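Q: The structure under discussion is supplied below as structure tokens; questions concerning it will follow.
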Amino acid sequence: MARFNCVTVLAPAKLNLALDVVGLLPGGYHDLDMTMQAITLYERVVLRRSPYLDLRLPGSLVAPNNKNTAIKAALAFFDYTGLLAGVDITIYKNTPVRAGMAGGSADAAAVLVGMNELYGAHLSMSELCALGAKIGADVPFALMGGTCRVQGVGDFLKALPPVPECWFTVVMPDYGVSTPEAFAAYDKVGSSIHPDCGAQEAAIRAGDLDALCAAAGNALEECSGAKDTGAIKTLLREHGAVTALMTGSGAAVFGVFRDEGAARAAAQAAKRRWKQVYVAQPDRGGARVSR
Ligand code: C5P
């Protein structure tokens, strides 16, 4: 039984505190070992009951077509539940695109969570994750959120305790990176960076921010071809970041700070050169209905 006519969902963007490529999987996908962290930067997704399937993205250049992860999620939901209905989706995007912050996956997760609520379908988290994994590798994490060790394609998730209190300054350059191209470049040139995700998990369990940062790293950073990465990392470190690295397949780069003042000062300095700069904190959840 449908309970509401309209539901609003908040879905956090993510950062990779670590990303390692540990092998190749059938189908050309890569076997990954990662620490993913949800942050307080949200996609806001409004879903309304409708006989039609419609998508709007006000103020965004992202195309509202059938390739959009939100439409894929709605179709996967209808297919799985057998529900004969539509949905009207409006996405207010706050996450930069082609950034390595899983904005598209957050949109898909928001649609799954929102439709589950809108149509009272009572799908479990594991059912939603199984549906989400077919839409994109990062969708299961976008549903789970918080801090997770993520392995395989992105479908083996282990929830970790919250990270110690910290702040993130995220800088998005004026260009984006294509994820398939970043992995293709990795296949050609490999990487000298292989973070120790086990050590980082232990650091998180011990609540040790220094050890967490010492184990941070991204195996895709060198091959992503993102030309501003080095300059952004230098700026963030000069302003007191404990560590700085690229997230996902790029192009966004972030610093980890102990206190808000330093994070905001770094952001102010970054804004002199880059337009898209964000200050955020760790978020303990994933995509959720906002009341
Ligand atoms: O699943 P998603 O559409 O987010 O992945 C985008 C691309 O990233 C894939 O087409 C693939 O080229 C690459 N990828 C990969 N290995 C992963 C995740 C993504 O090679 N574990």
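Cβ atoms here come from the backbone N, Cα and C positions, even for glycine.
Unlike curated entries, TrEMBL annotations are predicted automatically.
OK, TrEMBL features for this one:
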ACT_SITE  Lys14  active site
DOMAIN    68-146  domain 'GHMP kinase N-terminal'
BINDING   Pro96, Val97, Arg98, Ala99, Gly100, Met101, Ala102, Gly103, Gly104, Ser105, Ala106  ATP binding site
ACT_SITE  Asp138  active site
DOMAIN    202-275  domain 'GHMP kinase C-terminal'
Q: Given a 10 Å Cβ-Cβ cut-off, pick out the one of the recorded positions Lys14, Arg98 that has the most other Cβ atoms nearby.
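A: That would be Lys14, with the highest Cβ count within 10 Å.
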Q: Let me spell it out: for each of the binding-site residues (Ala102, Ala106), count the other Cβ atoms within 10 Å of that residue's Cβ, using every protein chain shown. Which one has the most?
A: Ala106
Q: I need the neighbours of the ATP site defined by Pro96, Val97, Arg98, Ala99, Gly100, Met101, Ala102, Gly103, Gly104, Ser105, Ala106. Which other residues of that chain put their C-beta within 8 angstroms of the C-beta centroid, in sequence order?
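A: Leaving out the recorded residues gives Ala13, Thr95, Gly248.
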Q: Relative to the Cβ position of Asp138 (active site), how many further Cβ atoms are located within 10 Å?
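A: Asp138 (active site) is surrounded by 30 other Cβ atoms within 10 Å.
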Q: Quick check on the binding-site residues Pro96, Gly100, Gly104: which one has the highest count of other Cβ atoms within 10 Å of its Cβ?
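A: Top count of Cβ atoms within 10 Å goes to Gly100.
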Q: With Lys14 (active site) as the reference Cα, tell me which of the binding-site residues Arg98, Gly104, Ala106 is the closest one.
A: Ala106
Q: Helix, strand, coil residue numbers for the domain 'GHMP kinase N-terminal' (68-146) per DSSP?
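A: Taking each residue of the domain 'GHMP kinase N-terminal' (68-146) in turn, the totals are 46 helix, 7 strand, 26 coil.
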Q: Given Pro96 (ATP binding site) and Asp138 (active site), what distance in Å do their CA atoms have, once rounded to a whole number?
A: 15
Q: Hey, how far is Arg98 (ATP binding site) from Asp138 (active site), Cα to Cα, in Å?
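A: Pair distance, Cα basis, whole Å: 13 Å.
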Q: About how far apart, in whole Å, are the alpha carbons (Cα) of Gly100 (ATP binding site) and Asp138 (active site)?
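A: The separation of the Cα atoms works out to 10 Å.
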